[in-house]
Amino acid sequence: MTARRPLLRLALGAAALAALLSAAPRGLAHPPEGHEARLRDRERYFQPLEPRPAPDFTLEDAEGRWLGLADLRGKAVVLHFVYASCPDVCSSHAERIADIRQMLNRTPVRDLVRFITVTTDPERDTPEVLRGYGPAHGLDPANWIFLTSGTDRPEATRALAAAFGHRFTPTPEGMQMHGVVTHVIDREGRLRANFHGPDFAPDNLVAYVRALAGEHDRQPLEGPWGAIRSWLKGMF
């Protein structure tokens, strides 16, 4: 029995140290608000918003499956508007979103993020067009969805875009005048930020979405607390 007592004391000491470490000053967590402060300094195209419920929608995909904002609760959402016959900026915007999707899919939060593309031309963007758009622009249906209001509600998605703060205005030539905005919605369905234009740095949006999805990076412990943690790791 006496031979076991040193081991017991060591185990109890390690447990006490672990409890002490749990109360130690941790490295700074980076909640979304912290990311917003840093992004304001380094990303000129970033617009943080006062959190508010995102405009609601119920739309359908190419297979006729309906999806509403409520169905995305629990996921961070990256949402943007395009129309498939757009001759220039829509394609580059979609490809930028594809790059961001690939970057996020290499992180631990990949299952907590959804990418939503909404067409503002439901009359011409048929299910066949929707099905072909993703492969043509590098978008993987694993966590990306292209949505439409259908031909019976041709104005619905342009009205939704306006509710998000920008307009797609049809021209006599069959085009649409519009800006480029990437919207970010948090896991509670609140609109949190816009990234304007096609020239923002993708890694800035990735870092922001990772924070919204709940991945808070922590700085390592320094000083004596860090030494104690290293010692404990070496013991076990």
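Note that Cβ sites are derived from N, Cα and C of the backbone, with glycine treated the same way.
Predicted, not measured: the structure shown is a model, and the values here were computed from it.
Cu cation is bound by CYS86, CYS90 in TrEMBL, and the record lists one more residue there from HIS178, HIS183, HIS196, which is HIS178. In sequence order, PHE81, VAL82, TYR83, ASP88, VAL89, HIS93, THR120, PHE168, GLN176, VAL180 are the same-chain residues whose CB sits within 8 A of the CB centroid of CYS86, CYS90, HIS178, the residues recorded for Cu cation being left out. When secondary structure is read from DSSP and collapsed to three states, CYS90 (Cu cation binding site) falls in the helix class.
Cβ packing within 10 Å was compared across the binding-site residues CYS86, CYS90, and the lowest neighbour count falls to CYS86.
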